[in-house]
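Here the structure comes first, spelled out in structure tokens, and everything after it is commentary.
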Amino acid sequence: MATSPPGVLASVAVCEESPGSSWKAGAFERAYVAFDPSLLALNEALCAELLTASHVIGVPPVGTLDEDVAADVVTAPSRARGGAGDGGGSGGRGGPRNPPPDPCGEGLLDTGPFSAAAIDTFALDRPCLVCRTIELYKQTYRLSPQWVADYAFLCAKCLGAPHCAASIFVAAFEFVYVMDRHFLRTKKATLVGSFARFALTINDIHRHFFLHCCFRTDGGVPGRHAQKQPKPSPSPGAAKVQYSNYSFLAQSATRALIGTLASGGEEGAGSAAGSGTQPSLTTALMNWKDCARLLDCTEGRRGGGDSCCTRAAARNGEFETVAGDREPEESPDTWAYADLVLLLLAGTPAVWESGPQLRAAAEARRATVRQSWEAHRGARTRDVAPRFAQFTEPDAQPDLDLGPLMATVLKHGRGRGRTGGECLLCNLLLVRAYWLALRRLRASVVRYSENNTSLFDCIVPVVDQLEADPETQPGDGGRFVSLLRAAGPEAIFKHMFCDPMCAITEMEVDPWVLFGHPPATHPDELLLHKAKLACGNEFEGRVCIALRALIYTFKTYQVFVPKPTALATFVREAGALLRRHSISLLSLEHTLCTYV
């Protein structure tokens, strides 16, 4: 028991009549299918708990700032209050969205302390609390083969899913579901309530299942173990050291971006990377190419050959062909993830067009978070993780205006060029019908005009055509078109033609893994599929980690713009890496300086 992480021991020793009783009757009777939208309906209280856990927690500012200090320090987050559709401030294509609020203004919350606590999760030498929780269950209860099969299914789906807010939320929900499925009835142990008490956080889920991928077995280069003559490692464990260097880069970038929630205003977006970030991050960013080179599937291939991305693109084409021949009848549960995306992103910089549905979703989220925060107040007071103790104070509360930023990949609230750090369209890739629809939408935009009409100018007419012809839409009650309208043409343009993060995410998403497994209606085949995943223990990504190193460097430079010489060097090196992987994008300079 001495190895249990702070706060988790209590969370696995509660009785079934308390938090675990929020599961609906029969919730664990069905066969487990990872990333099944219908699972979200089995525990509304857990959904509310995770939605609350996705928010930054604010506390009243300590004292009143002196005038001299207030002139230099801004404790309020940079995200403009009031939602994405307000249209206030200088929301031009290249400028800040709104001026930062007065840190001493009445009613504002100080998000600095929570940002500092959240940053600590992404320290390279901090243990993974998801791994520690699993180890604690293993020591206390033992892990059955059935649990291993279900957990392996969840891990495989996370490797094939887009890195986005919806995926992180679903992974958090289903991790709790898998643990409670196997230990609630027999051991009276539940993880429901652990996020409310900060025993686990949404950042722990992000780090374990997506950022570091603690279960990944390919060392960051897909197919490495399948090579007939793998390159000899210079020393035992060299592959893990190389992967850890990438993890340091990614986690350092994430820490810096979280820090913008407390660093004050928009000045970080215009400051040089050398002055606006920690020296360790600056060094890591400058050395991103060396980090990527060791994890690049194209490194050392003088004769060319297929890259991870060309193989992924070919497999995507195969899936589209097969899926187009026999598209299944979508069940109403399919669109639960579309509604989840709307709930998570309404009123954030990911959505720039306002409307009744968006305002209703944002208000529903705020009401749910308020209620859940109050419902767990007593549990937080009795048992909270020590580093989050100050957030049990009566005046501490979620920052509802910022929204669920902790569930997003980049965890900052910046907006520029009518785009935000979280891409709405990347979230839609989690739905089979939308994965197909987005591919068809891009093809329609490209071939819309035979003349030299710009790609950007083709987007709105194509969306108009899609809206006018229900036969070409997914049978989702108009959700897809509504979400495209909410994102706006700039976000669509950025996703399809400009942003390396979006382009690489489309390569990472594996439709065969997400949608090509046996359904729950074929229990024997499904059980065999999960058993193969568990016994094979081959959890490989779809693209090499070199591209992820590029993503985190690029996204950090969008917020902390480097000096011109460093920027030019990065653009040249990043462009070369993308070309080696057959990824064609519009000007990286344009994307760096115009969007975020």
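Placed from the backbone N, Cα and C atoms, the Cβ positions cover glycine too.
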Zn(2+) 2 binding, same site as Cys423, Cys426, Cys502 - Swiss-Prot member from His412, His495: His495
Co-listed Zn(2+) 3-binding residue [Swiss-Prot; alongside Cys308, Cys309, His581] among Cys291, Cys535, Cys544: Cys544
Densest Cβ neighbourhood among Cys308, Cys309, Cys423, Cys544 (binding-site residues), 10 Å radius: Cys423
Among Cys128, Cys131, Cys502, which are recorded as binding-site residues, the nearest neighbour of Cys308 (Zn(2+) 3 binding site) by Cα: Cys502
Spatial neighbours, same chain, of Cys128 (Zn(2+) 1 binding site) - Cβ under 8 Å, 6+ residues apart: Asp204, Arg207, His208, His212, Cys214
Set of same-chain residues at least 6 away whose C-beta sits under 8 angstroms from Cys502 (Zn(2+) 2 binding site): Cys423, Leu425, Cys426, Lys494, His495, Met496
Between Cys131 (Zn(2+) 1 binding site) and Cys544 (Zn(2+) 3 binding site): CA-CA distance (Å): 23
Secondary structure content of the region 'Zinc finger 2' (423-502), with strand meaning DSSP E or B: 59 helix, 0 strand, 21 coil
Spatial neighbours of His581 (Zn(2+) 3 binding site) that are distant in sequence (at least 6 apart) but have CB under 8 A: Thr298, Ser307, Cys308, Cys309, Thr310, Val543, Leu547
